[in-house]
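Before any comments, here is the structure.
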Amino acid sequence: MDLRDFYLLAALIACLRLDSAIAQELIYTIREELPENVPIGNIPKDLNISHINAATGTSASLVYRLVSKAGDAPLVKVSSNTGEIFTTSNRIDREKLCAGASYAEENECFFELEVVILPNDFFRLIKIKIIVKDTNDNAPMFPSPVINISIPENTLINSRFPIPSATDPDTGFNGVQHYELLNGQSVFGLDIVETPEGEKWPQLIVQQNLDREQKDTYVMKIKVEDGGTPQKSSTAILQVTVSDVNDNRPVFKESQVEVHIPENAPVGTSVIQLHATDADIGSNAEIRYIFGAQVAPATKRFFALNNTTGLITVQRSLDREETAIHKVTVLASDGSSTPARATVTINVTDVNDNPPNIDLRYIISPINGTVYLSEKDPINTKIALITVSDKDTDVNGKVICFIEREVPFHLKAVYDNQYLLETSSLLDYEGTKEFSFKIVASDSGKPSLNQTALVRVKLEDENDNPPIFSQPVIELSVSENNRRGLYLTTISATDEDSGKNADIVYQLGPNASFFDLDRKTGVLTASRVFDREEQERFIFTVTARDNGTPPLQSQAAVIVTVLDENDNSPKFTHNHFQFFVSENLPKYSTVGVITVTDADAGENKAVTLSILNDNENFVLDPYSGVIKSNVSFDREQQSSYTFDVKAVDGGQPPRSSTAKVTINVMDVNDNSPVVIYPPSNTSFKLVPLSAIPGSVVAEVFAVDIDTGMNAELKYTIVSGNNKGLFRIDPVTGNITLEEKPTPNDVGLHRLVVNISDLGYPKSLHTLVLVFLYVNDTAGNASYIYDLIRRTMETPLDRNIGDSSQPYQNEDYLTIMIAIVAGAMVVIVVIFVTVLVRCRHASRFKAAQRSKQGAEWMSPNQENKQNKKKKRKKRKSPKSSLLNFVTIEESKPDDAVHEPINGTISLPAELEEQSIGRFDWGTAPPSTFKPNSPDLAKHYKSASPQSAFHLKPDTPVSVKKHHVIQELPLDNTFVGGCDTLSKRSSTSSDHFSASECSSQGGFKTKGPLHTRQQKKQN
C-alpha cells in the first residue's frame, strides 16, 4: 500500500464517522410556485435550539448563515438573527427543478441546502431537505394536435386500436386521469388501459362493422383531462382511415425486453436485434420496424432502429449520468392497421468516466480567493463546507476526501458526502503566516479519478507574544559618590509579533527613584548620588510593554549593588563608656566590652582598637573590644579609672575616632543586718487591754554596715500574727496595734520578724523573736519568762496558741497573786534594763564611729575568720527547742557585750511572698547605671576569644573583700550561697532553704545569740 492509498483509506474511514452533535437534518414540504417571503420553517424552534449558554447561563447571539455557492440564485433565504426560512423572488418550478425525472406519485421532487449556526462555540451544520409538491399548473397534451389511425375494413367489432397517449408534466392526480371521445358517431368507442408503470393508454374500440367503400374516413375529437383543481384538459383531432384487409399482423417473439449497455459504448454498437414474424405471405409479410409514438425524442437521438432488420444501435454517445434508462416502444407493421408492439428497456451501465466534483462553499467569506484567520481563533474554527459528488454509481461513485499535505487543518465528516474544513490546532502567525493546500476528492473506480480544490489561508497577527527580556535578572554594580546621569546599562527586550504589536516601550517600576530609563532605547542612568551606607542595594523592576491591543508586557528584575568607598570613620556606640565592677573582681577578669561600628564595608569597616593613655592597668583586645583588668580592684584605694580608646579602620587612607572609658568600682553586699533591739529573743513587751489601735507596742531596730541599697532594711512579720492583731512598719520597724485587744487576746504572743536588706545581687536577712504579753499587768515576770521558755519548744511556723499546753493560768486568782507578788520584782528589773540599755547605747555609738570609713564598708577579714572558727566549735544542743532556734550565751570576756544576732531559716510555707527584687529603676546614683554597656551583647562573633563567664562554683581567693562581680542586670554572674542560705541568685525567695539545708525540717544556719543583762555590782 503506497502513501496515496493510505490517505484514501483514512479519508474513507473519516467519511463514515459523522458528527451527530453538529450535523442535523430538517425536512420541509412546500408547494411549487409560492410567492416571495412565504415562511417555510423556523430552525431554532424546529430543532429546539436554546440561545442560553449552559456553562455561563447568559444569552448568546447566534447567527444563521445559508451556505450557498457563488453565483447561485437561492430559492430560499434564511434570517441571520431568527433562523426563519422564507421563499425568495426566484420561482420554484417543480417541473423545471426535477426535469427528466419520473412523475410517478411515489417519486419526490426536492432540493437540499445547508445552514450553519455561528459562532464557533455553538457551531452546527443543518442539512435542510425541501420537498416540492406538485400543483396543477400544466394541462395534459397529446403528442400531436391531429392523430391519424388506419383501421382495416374487416376489423371485428370490439377490436381495439391504440391511440397515442397524452402527457402531463404534473404528477399524481394532477397528471392524466381521463380520456373522452367526442363525436364518436356510435361507430367507435374509447377504452383506457393502465400499464404496470401507472400510465394510462387510450384505445379506440370498433363498435360497428366498417365498410371502406361506404365511408373510408372518420373525423372525431379526443379529450384528455387531469385530476387537478381546477381541472385542466386539451383535445386533439382523431382521424380514422378505413384501409383494405390484411388479416395477419406481425408478432414479436418477446414483447418485453430488457438489455444493458455500457455508457461508453461507441457509436454503432448493437443494442438488441428485434425479430417479429408474420403469417401472411408476400407483401403482407413484409415487416417494417418503427419507433412507437411514445418514444421520447431524446431517446430517438441516442438510438437508431433499422426499419428492415429491427436492429437497434447506438447512434450517439451515451451518458448514464444524463439518462440511465431508456424505454423504447418498437412497432412491427406489415402494412396492416394493427402493428405488433414490443417494449425495450435499455439500461445504460455506469463506467468510471466522471471525476469527483468538489463543491467548496466558504463559511468565512474569502477575499480575492483567500480566507483570513486570526491566529487567536480557537481549535475547530469552521472555514468552509465541502460537498463532494460523483455522477458515477456504485464503486465508481464512492468518493473519499482528504487534505493533500500536513497542515493545521482537517476535514470533519458531517454527512456521507459533506465535510467541514476546520482548524485542527492553534495557529501561530509567528510560525507560519500563510497556508496554501489542496483538498483532494478521489473515487474508487479502476482507474481512480480525482479532483482537487485549492484553499489559501492567511493569518492575521494578534498581540499574543509579550516582550521578552534577554535577561530576566539584570545585575549591576556602581561605586558610591557617583555623578548624576551616569550611564549604567542598556535594557533590551524583543517581541516576536510584528507591526505595532512589536513596538516596545520601557518603564521603571516602584522603588526606582534613583534611576532614569529612556522609554524608547532602554538606556538606564543614575539620577542621584548613591550612598552605600544609606542603601547598599537597589532592587526594582523594569516593564517592557508592546503597543498591541490589548498591550502585553513582561518584567525583569534589576539589582544594582553600590560598591563601598572609605568615606566613614569608625563610630563608637558611646562617646563615653562607663563600666561598673565589683571591688573584689580578680585580676585578668573581663570588665567590659567596647563596641565600635563602621558604616563602610569590607576592609573599610575592619576596625582595630587600642588604648591611648592607660598605665597598663587594663588590656584591650584590638578586635573584639573586650577590656580585661590587669590589676585587682580596691574601691577604698581607687573608686574609678579613666582612659581613652582609639579605633582605626582598614581603608586607604585609614580613618579613626576616639572615645573615653570609665571603670567604676562598686561595693558588695556581704553583711547581714544586725539586730539592735530587742536586746534578746527572750525579752517581751506588755500590751495592756486598754491600748488603742495604732499605738506603738514594740519596736525592732537593726543596722547593716554595708552602704547604699545594701544597707537599706525592710521589716516583715513572717509568723505569729495569725489574728492580725499587730502590724510592723517595714521601714521603721515599729510594731503597732491593729485592733483593740479583747479578753480573748489575753496571753503571750510570739512574733517572728524578718529583717532583710535590699542588696544586689542577693538580699541578706536576719530573724528576731518579739514576745508581746497582752494583759492589764505583768506582775509575775518569772511566770512570763517561763512561758517564753516553753514557747521555744513550739516550731516557728506554728502559733504558740496552737499548742495543747495552756500558757494561761487556769486559776485567775493565782495569776493575780503572782502579779502582785512580783510587782516589786518587775520594777527592779525595769530599772536595771533601762540602765543597761543606756550604757550599751553609748558604747555602740562609740564603736560605730570608730568603724566608719574603710572598716564600715569592709569588715575586718580576720574577725570574720575568727567568727568562722568560733562557729565551727559550737555544737547544736540536743533539745527539741534548739531544732528551731539556737541560743548562745555571750562569753564572759566579751568586753563590749555587742548585741548578739542570729539567723533562723523558715519553711517555705512561712516565706513572705511580697518581698521581691529591688527595683533598680529607682536606684540612687551610687549604684551602677541601667544604661551601662551590655557585656554579652557586645561580644563579636568573629572574636578570637571565647565569651567570658563567671560560673557559680568558681572559687575565689580570700582577699580583703569577698569577690562578687557587679555588672549590669542581664550580664551579672553571682556564685555561692551566703551564710544564711545557698539559694540561687535569680530567686526572689528570701527565706528558701531548699538548697542549703542538708535535711528536712528547720535548721539554723548559725547560733541565735541572746544578749545577757550586765550584772549589777
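Each residue, glycine too, has its Cβ placed from N, Cα and C.
Positions annotated as domain 'Cadherin' by TrEMBL: 33-142, 143-252, 253-358, 365-469, 470-572, 573-675, 687-784. Residues or ranges marked as region 'Disordered' by TrEMBL: 849-882, 980-1017. If you look up TrEMBL, you'll see 866-877, 1006-1017 marked as compositional bias 'Basic residues'. According to TrEMBL, the feature compositional bias 'Polar residues' maps to 982-1001.
The domain 'Cadherin' (573-675) scores a mean pLDDT of 90 in the predicted structure.
Look at the domain 'Cadherin' (365-469): DSSP puts its residues at 4 helix, 55 strand, 46 coil. DSSP assignment over the domain 'Cadherin' (253-358) gives 10 helix, 45 strand, 51 coil. Secondary structure counts, DSSP: the domain 'Cadherin' (33-142) has 11 helix, 38 strand, 61 coil.
For the domain 'Cadherin' (687-784), DSSP puts the residue distribution at 11 helix, 43 strand, 44 coil.
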